[in-house]
Amino acid sequence: MTGALVCVTLSMHYPEHCLTGARIPTNHIYLHVHEYFVKGFNGSFWMDKDLILIDIEKQVHVNDRSTCGFEVDDITNLTLDNAPGIMSCSNIQAVVALISVELAGGPCRSLPLGRRDGTTTNIESANNLPSPFDSPEMLQEKFKNLGLDDTDHVALHGENTFGRVQCQLMQQNCSVGEDEETLVNLDTVIPNVFDNKYYGSLLCGCTPLPLTRFSISLKDSLKNYAASMVKMGTEAR
């Protein structure tokens, strides 16, 4: 019943929050993936800086000014406070990410629950999150260290099909003099739908990763994305 309540709560509040920003679905996927990279799913990403001596994962360089979407999850948490049963923050984020993908036209997938929240943060791991400034080789190594192969790496890039990025990271796509925090679409074809158009834009021969087959087959890109998300969500760490 708790999982069903999360789904109902999100379906009630998600549309109104989408009106406040087109990045909402991508933000939830981003939060979900970054949670995994910091010692697995334990809810530590949701810790706020209430105590001066505690460093929090939200404020590391890779996440600073780029992680959003907490407001929808906070609403879900508040609703569950008055509901029977216990639902961890990490489980809530997993459900939020699942529904965000589906509402954007992405693949449906199974969702094993059972994640438990931790009580500490891990700044060292948070500072080693995948970064837009990492080389392809460095990104491969970071994914490999977490039990994810090149296919998982490329498939999980599928979230960029409806993602936006700040101009400071993609100067070539921004107008001269554009503010560095102005957002530009990563998928310039159909930016608000979960499809495989993003991969087509990457076929420039500048990466060793196997992108071609995903850009050709929408079915393959959706299938592999769903499989990699499930693998990431159940990988023993």
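Backbone N, Cα and C define each Cβ position, glycine as well.
Annotated active site, proton acceptor per TrEMBL: HIS34, in sequence order.
Among the features that TrEMBL reports, Ca(2+) 1 binding site is placed at VAL38, GLY40, SER44, GLU57.
Here TrEMBL flags PRO130 as substrate binding site.
Taken from TrEMBL, the feature Ca(2+) 2 binding site applies to THR161. Its own atom aside, the Cβ of THR161 (Ca(2+) 2 binding site) has 28 Cβ atoms within 10 angstroms in the protein chains shown. For the recorded site, THR161 (Ca(2+) 2 binding site), the DSSP three-state label reads helix.
Here TrEMBL flags 29-203 as domain 'Plant heme peroxidase family profile'.
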Cα-Cα distance linking HIS34 (active site, proton acceptor) and PRO130 (substrate binding site), given in Å to the nearest integer: 8
C-beta crowding around HIS34 (active site, proton acceptor), within 10 angstroms: 20
For PRO130 (substrate binding site), the number of other Cβ atoms found within 10 Å of its own Cβ: 16
